[in-house]
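Taken from TrEMBL as is:
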COMPBIAS  1-20  compositional bias 'Polar residues'
DOMAIN    22-76  domain 'SMP'
DOMAIN    138-194  domain 'SMP'
DOMAIN    203-261  domain 'SMP'
REGION    1-24  region 'Disordered'
Amino acid sequence: MSQGQPRRPQESTQGGNQQDPIKYGDVFNVSGELADKPIAPQDAAMMQTAETQVLGQTQKGGTAAVMQAAATKNEQVGVVGHNDITDIAGEQGVSVAETDVAGRRIITESVAGQVVGQYVQAVPVLTTQVDAVQQSAITIGEALEATAKTAGDKPVDQSDAAAIQAAEVRATGSNVIIPGGLASRAQSAAAHNATLDRDEDKIKLNQVLTGAAARLPADKAVTRQDAEGVVSAELRNNPNVATHPGGVAASVAAAARLNENVNI
């Protein structure tokens, strides 16, 4: 199993105690109001429950474990109480979602709608031969389809369109944008969304990327070089010079990491 590992809470070097609260932004790649909130014990408890419900157990070194470690330290220094819950986490909740893609499970964990952890698990697929196990590499089209599920509600912007175009170029081996293809649809969606103010009126990633593999005239297994090209395209076209958690670049990069363990 591979995963985007959160940063573990660090002990303070001053006096041996962590006096300031460990906030979400200290250990996870999150932004806005959530980043400034201390991790509370009941936040961690909710994530532990969600992991157990979906995965059967909490993951060693995973998101719930990191949250529990941070919450314990926060409780020890008195910045939170044992029964405290962060207001935004209590209002918007936590979630653990799984998506099956080409014999693998992509598990996305979120707090208040922001992705705090993503795991990729290989799921063996039995062939007609007794005890034989076959694992096929994830293709670019399949990685894009995964994005439709992990970040499907995100409005399409220019960085998404650029990443989708880079993925299409890598999949087809052609620099020509296909009329009515994924890149063309994404560019149109980004241009349309730029004229709107309300997110609910904008075209979302799932409207562009659902069924992506079937929409590509050619497809190929994702390589590290493909992922680097897609990540670079998304970064260059994002004013914040960052990739979106669970977005196009993140999904392609996760597929490439998993494919490194598969003979492609």
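Any Cβ shown, glycine's included, is placed from N, Cα and C.
Automatic, uncurated: that is what TrEMBL annotation is.
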Secondary structure composition of the domain 'SMP' (203-261) [DSSP: H/G/I, E/B, coil]: 34 helix, 2 strand, 23 coil
Local confidence of the prediction over the domain 'SMP' (203-261), expressed as mean pLDDT: 89
The domain 'SMP' (22-76): DSSP-derived helix, strand, coil residue counts: 37 helix, 2 strand, 16 coil
